[in-house]
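Visitor: Here it is: the structure, laid out below.
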Amino acid sequence: MFSDQYLFQFIIFFILLMSIPTFILSQFLTSPYGKHYRSNSGTTISPPFAWFLMESPTLWLTLLLFPFGQNHTNPLAYILISPFLLHYINRTIIYPIKLSQKTTNGNFPLHIALTGFVYNILNAYIQTRWVSHYANYDVDKWFWFRFVGGFVVFAIGMMMNVWADGVLVGLKSQGGGYKIPRNGLFEYVSSPNYLGEVMEWLGWALMTWSWAGLAFFVYTCSNLVPRAVSNHKWYLEKFGEDYPKSRKAVIPFLY
């Protein structure tokens, strides 16, 4: 018999479990989009449409499921889901628009976009169901303490992520191929956009204080940290002695 709670728990376990092979495989294979694109990557679509397609479930599925949760009339549930929606309004709508305005070339493998689409369906489901249905706000005496603390981490991470994406898109719009990003956090790490996103979902895990939030954070790390390392190696190979040797991949001064 179908059980929403069973499905909810199964997806959390599945995402946590898949973090292990994702991290291991990412040590040897880098998803072929952006600077890692390969001509043999199969059918491609435009990057702006790819980002819109694969991120879109985080908006439409969240809005579809939220009214069916037992917390759908609780103001705290709306407050808690707001940072999640804020990030994905930017990632699903604003970022693709900026990308389409600044760049006209590039290819994004369709299979990568579809994989991201499926993952975001699963992730949006567990995040939304936790906030709108399974979280018990009536007995959570630490809600505001965790929310404020987590939101500070989230907000700092999102500002870093949006700023770094803006710098990278701006460099693409100049034409002439890839360039070395300069200034700000780029003087410390090669991928401050990924550092920012990791911080966002760490903040989200603190705000929700849930297995769903933890699964999201763990999978984000398993996916983005190895990609940041691959980006760092790519910059070093492409620019050689011109690339700042003091930069780390994703964590300033450490890694």
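Glycine is no exception: its Cβ is also placed from the backbone N, Cα and C atoms.
Nobody curates TrEMBL annotations by hand; they come from automatic prediction.
Quick paste from TrEMBL:
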type     : residues : note
TRANSMEM : 7-29     : transmembrane segment
TRANSMEM : 49-69    : transmembrane segment
TRANSMEM : 76-97    : transmembrane segment
DOMAIN   : 108-255  : domain '3-oxo-5-alpha-steroid 4-dehydrogenase C-terminal'
TRANSMEM : 109-131  : transmembrane segment
TRANSMEM : 143-164  : transmembrane segment
TRANSMEM : 201-225  : transmembrane segment
Visitor: Compare 49-69, 109-131, 143-164 by their Cβ pairs under 8 Å to the transmembrane segment (7-29) and return the stretch that comes out on top.
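Guide: It is 109-131, which has the most Cβ pairs under 8 Å.
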Visitor: So how many of the residues in the domain '3-oxo-5-alpha-steroid 4-dehydrogenase C-terminal' (108-255) end up helix, strand or coil by DSSP?
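Guide: Computed counts for the domain '3-oxo-5-alpha-steroid 4-dehydrogenase C-terminal' (108-255) are 112 helix, 4 strand, 32 coil.
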Visitor: May I ask whether the transmembrane segment (143-164) has at least three C-beta pairs under 8 Å with the transmembrane segment (49-69), counting pairs 6 or more apart in sequence?
Guide: no
Visitor: Sort out the residues at least 6 away from either end of the transmembrane segment (76-97), same chain, that have Cβ-Cβ distances under 8 Å to it, and list them.
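Guide: For the transmembrane segment (76-97), the sequence-distant neighbours (Cβ-Cβ under 8 Å, at least 6 residues beyond its ends) are 47-49, 51-52, 55-56, 58-59, 62, 66, 69, 127-128, 131-132, 135, 137, 143, 147, 151, 154-155, 158, 162, 165, 200, 203-204, 207-208.
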Visitor: Below 8 angstroms Cβ to Cβ, which residues of this chain, lying six or more residues outside the transmembrane segment (109-131), approach it?
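Guide: Sequence-remote neighbours of the transmembrane segment (109-131) are 4, 7-8, 11-12, 14-15, 31-33, 37, 41-45, 50, 53-58, 61-62, 65-66, 69, 71, 77, 80-81, 84, 204, 208, 210, 212-213, 215-216, 219.
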Visitor: State the residues, same chain only, that lie 6 or more residues beyond the ends of the transmembrane segment (201-225) and have a CB under 8 A from a CB inside it; answer 'none' if no residue qualifies.
Guide: 8, 12, 15-16, 18-20, 22-23, 26, 80, 83-84, 119, 123, 126-127, 129-131, 134-135, 142, 146-147, 149-157, 191, 194, 249-250
